[in-house]
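Q: I have a structure here, written as structure tokens, and I will follow up with some questions on it.
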Amino acid sequence: MKIAILSGDGIGPEITGQAVKVLNALGESFEMETADVGGAGYAAHGHPLPPATLALAKAADAVLFGAVGDFKYDNLERALRPEQAILGLRRELGLFANLRPAILYPELAGASTLKPEVVAGLDILIIRELTGDIYFGKPRGVRECPDGPFKGQREGFDTMRYAEGEIRRIAHVAFQTARKRGKRVTSVDKANVLETFQFWRDIVTSVHQEYQDVELEHMYVDNAAMQLVRAPKKFDVIVTGNMFGDILSDAAAMLTGSIGMLPSASLDANNKGLYEPSHGSAPDIAGKGVANPLATILSAAMMLRYSLDRAEQADRIENAVKAVLAQGLRTPDIFEEGMTRVGTEQMGDAVVRALA
Ligand code: NAD
């Protein structure tokens with residue numbers, strides 16, 4: 001099993017370092033190879049996604065990604081900015097399914113902005129289509145407005161579109177994933193207003209014929225946003241398009257209190273994937289040894305489960321994370337009175353000890 005380790009910028013190297021330590025402690029013989037990406041890729045090779053990095057990511061069985069981005073690159077032309085690396089990897093590796101679990105460990109219930117009884121024990125999974133929708137649809141741009149009351153003025157426009165095959169494949173991911181969890185899928189759309197999402201609803205309903213053991217409900221996105229905050233525990237798996245998923249997954253992330261706890265997976269059609277924490281490179285705390293490495297360690301667990309067929313090892317890591325939280329160890333982002341404050345390295349070491 002070959003794992004590409006792309007640490008990136010800011011806190012990226014610190015947090016992936018802890019995840020690598022945990023992977024090494026499992027007693028498996030993974031081959032791990034590192035490469036520069038993001039600002040580090042630009043600094044060393046003149047491009048955020050150097051050809052050698054892309055080749056490594058393609059050759060590997062899975063990619064463990066830290067984070068990219070640094071304000072010092074903000075004035076570069078868009079194509080050379082660090083963030084282009086992650087977009088390029090998604091495109092080049094065909095990573096169309098983004099899985100973001102939002103889990104609230106009972107020990108952290110006080111860290112959420114919602115009442116503990118609303119969120120304690122939360123365990124939902126948002127599956128976001130990642131390579132289509134209005135984010136990629138063409139034509140797009142700024143043009144002269146052709147009609148209506150603003151005719152002749154400049155207007156910005158984008159194109160929302162989803163092909164049948166694109167909807168089918170993400171629906172299959174959702175139903176298959178739900179089978180391994182609570183067997184319930186909520187498909188989120190805006191079928192009452194948008195043709196694209198009426199079509200989405202029809203196709204998801206037809207794919208559901210193959211998964212009669214899984215319950216399917218449809219929900220409009222505005223209602224889903226409300227329900228996520230009102231009664232988030234009623235969901236199991238949510239599947240939705242790129243734009244709605246972008247917004248809903250960030251809202252769900254905050255239900256759990258800290259972005260430093262949230263892993264993610266982006267999968268292709270064969271379950272090869274890129275695994276990364278949901279947060280960015282956090283330049284404000286980079287190099288200080290205080291970043292929470294748990295989102296990256298939990299991303300490594302997702303990698304073992306979804307791409308490397310090592311579900312028992314994934315369970316071991318997830319149980320070790322629960323154990324260190326139960327011991328009261330907290331990085332500053334999740335610290336509460338009465339707990340033990342630890343840094344990035346100490347948290348990684350504690351997870352390694354808990355594995356044993
Ligand atoms: P961010 O997620 O990096 O940071 C937001 C806040 O959360 C900061 O206060 C940060 O200190 C804190 N934070 C993030 N991760 C943490 C962790 N593991 N432990 C403790 N605290 C943590 O978002 P931002 O500040 O908006 O962006 C910073 C850079 O990251 C930008 O260049 C942005 O483009 C980039 N970014 C990259 C990715 C990615 O690599 N996939 C995703 C989002 C943002």
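Any Cβ shown, glycine's included, is placed from N, Cα and C.
Here TrEMBL flags ARG90, ARG100, ARG128, ASP222 as substrate binding site. The feature Mg(2+) binding site is assigned by TrEMBL to ASP222, ASP246, ASP250. For GLY280, SER281, ALA282, PRO283, ASP284, ILE285, ALA286, GLY287, LYS288, GLY289, VAL290, ALA291, ASN292, the entry in TrEMBL reads NAD(+) binding site. The annotation domain 'Isopropylmalate dehydrogenase-like' is assigned in TrEMBL to 2-351. Annotation source TrEMBL lists site 'Important for catalysis' at TYR135, LYS190.
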Q: If one measures from the C-alpha of VAL290 (NAD(+) binding site) to the C-alpha of ARG100 (substrate binding site), what distance in angstrom results, rounded to a whole number?
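A: Cα to Cα, VAL290 (NAD(+) binding site) and ARG100 (substrate binding site) are separated by 24 Å.
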Q: State the mean pLDDT for the domain 'Isopropylmalate dehydrogenase-like' (2-351).
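A: PLDDT averaged over the stretch: 95.
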Q: Translate the DSSP assignment of ARG128 (substrate binding site) into the three-state scheme.
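A: DSSP assigns ARG128 (substrate binding site) to strand.
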Q: For Mg(2+), what surrounds ASP222, ASP246, ASP250 with a Cβ no more than 8 Å from their Cβ centroid?
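A: For the Mg(2+) site, the extra neighbours are VAL221, ALA225, MET243, PHE244, GLY245, ILE247, LEU248, SER249, ALA251.
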Q: So of all those recorded positions, ARG90, ARG128, TYR135, LYS190, ASP222, which one's Cα sits nearest to GLY280 (NAD(+) binding site)?
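A: Checking each of ARG90, ARG128, TYR135, LYS190, ASP222 against GLY280 (NAD(+) binding site), the shortest Cα distance is to ARG90.
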Q: Filter the recorded positions LYS190, ASP246, ASP250, ALA286, LYS288, ASN292 down to the ones within 10 angstroms of ASP222 (substrate binding site), Cα to Cα, kept in sequence order.
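A: Within 10 Å of ASP222 (substrate binding site): LYS190.
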Q: Spatially, and counting Cα to Cα, which of the recorded positions is closest to ASN292 (NAD(+) binding site)? Options: ARG90, TYR135, LYS190, ASP246, ASP250.
A: ASP250
Q: Out of LYS190, ASP250, ALA282, ASP284, LYS288, which of these recorded positions is nearest ARG128 (substrate binding site) by C-alpha distance?
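A: Considering only the listed recorded positions, the nearest one is ASP250.
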Q: Counting only other Cβ atoms and using a 10 Å cut-off, which of the binding-site residues ARG90, LYS288 scores lowest?
A: LYS288
Q: For ALA282 (NAD(+) binding site), which residues in the same chain are close in space, meaning a Cβ under 8 Å from its Cβ, but six or more apart along the sequence?
A: GLY10, ILE11, ALA67, ALA291
Q: For ASP250 (Mg(2+) binding site), just count the other CB atoms lying within 10 A of its CB, please.
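A: Other Cβ atoms found within 10 Å: 14.
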Q: With every protein chain in view, how many other Cβ atoms are within 10 Å of the Cβ of LYS190 (site 'Important for catalysis')?
A: 20
